[in-house]
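Trainee: Before I ask anything, let me first share the structure, which is written out below as structure tokens.
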Amino acid sequence: METETEKLNAAKKAITHIENGMVVGLGSGSTSSLMIMLLGELVADGLQINGVASSLKSEQLASKLGIPLLPLNQTTTIDINIDGADEFTEELQLIKGGGGALLREKILAHYSDLNIIITDSSKKSERLGGYPLPLEVIPFAEQKIIKELKDMGLASNLRMEEGKVYRTDQENSILDLDVSNWDDIEALENLLQAMPGIVETGLFLNSTDLVIMGMGNQTFEFKK
Ligand SMILES: O=C(CO)[C@H](O)[C@H](O)COP(=O)(O)O
């Protein structure tokens, strides 16, 4: 219950950054869904914005609430992108992709002028790696990638859902990688990005401008 309040308070604070006429990136996950619901209320009250969704789930929710949506390719700019995170540090580095939407989320973060992350207080960490790192991988190579990661000393699990291999919006698989013993996270990102078949990682190391974290009944901000 407290976690829900923290998420809601962070979402409420984040939407105060949205102005009439903006193009808004819509993140994925439970915290982003709260933000989209609040945005739906503002749109119903006359706010004029266009959203760009980071997942089919967020797209469906936004459509249901009457939020006008644009495909990314039809936007000239995304003024503000609001998304959640699975883990963050005070250095504004993140692990994302617990909900499987990391690829589109990372694309939106890259093309946005301002990136705001909204979380509850359980997501704050001294160093990344408490949460397994999601990797979006091409199914054709998933077993090869699992083996190569194992040879590097990294254990990974193929994500499952209802007894079947989980599929992303792009029909790819997700490997959840234990990086708790890996010290140099930047070096790890470079290694993973160089492996054929890994489409994207859930490491968001340089894209975030502001984290708004709900804690109890308060919100705390971490910025560059
Ligand atoms: O990266 C994500 C989805 O791919 C989410 O932002 C992340 O999993 C946080 O979700 P929640 O707000 O439900 O805790």
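Residue numbering: from 1, along the chain as shown.
Cβ coordinates are placed from backbone N, Cα and C, and glycine is handled just like the others.
Bear in mind that TrEMBL entries carry predicted annotations, made automatically and left uncurated.
Note that this is a predicted model, so its numbers are computed, not measured.
Per TrEMBL, the features are:
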type: ACT_SITE; residues: Glu105; note: active site, proton acceptor
type: BINDING; residues: Ser28, Gly29, Ser30, Thr31, Asp83, Gly84, Ala85, Asp86, Lys96, Gly97, Gly98, Gly99, Lys123; note: substrate binding site
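Walk me through the surroundings of each of these features.
Mentor: The DSSP secondary structure for Glu105 (active site, proton acceptor) is helix.
Listed in sequence order, Leu94, Ile95, Lys96, Ile117, Thr119, Lys123, Phe204, Val211 are the same-chain residues at least 6 apart in sequence whose CB falls under 8 Å from the CB of Ala85 (substrate binding site).
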Trainee: Select the most exposed residue of Lys96, Lys123, where exposure means the fewest other Cβ atoms within 10 Å, treating these as the binding-site residues.
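Mentor: Selected from the binding-site residues Lys96, Lys123 on minimum Cβ neighbours within 10 Å: Lys123.
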Trainee: If the substrate site is taken as the center of the Cβ atoms of Ser28, Gly29, Ser30, Thr31, Asp83, Gly84, Ala85, Asp86, Lys96, Gly97, Gly98, Gly99, Lys123, which further residues of that chain fall within 8 Å of it by their Cβ?
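Mentor: Going along the sequence, the neighbours appear as Gly27, Ser32, Ala101, Glu105, Thr119.
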Trainee: Looking only at Cβ atoms, how many others are within 10 Å of the one on Glu105 (active site, proton acceptor)?
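Mentor: The Cβ of Glu105 (active site, proton acceptor) has 31 Cβ neighbours within 10 Å.
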Trainee: What residues, ordered by sequence, lie under 8 A Cβ-to-Cβ from Ser28 (substrate binding site) and sit at least six positions away in the same chain?
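Mentor: Non-local contacts for Ser28 (substrate binding site): Ser54, Ser55, Lys57, Ser58, Asp83, Gly84, Gly99, Ala101, Arg104, Glu105.
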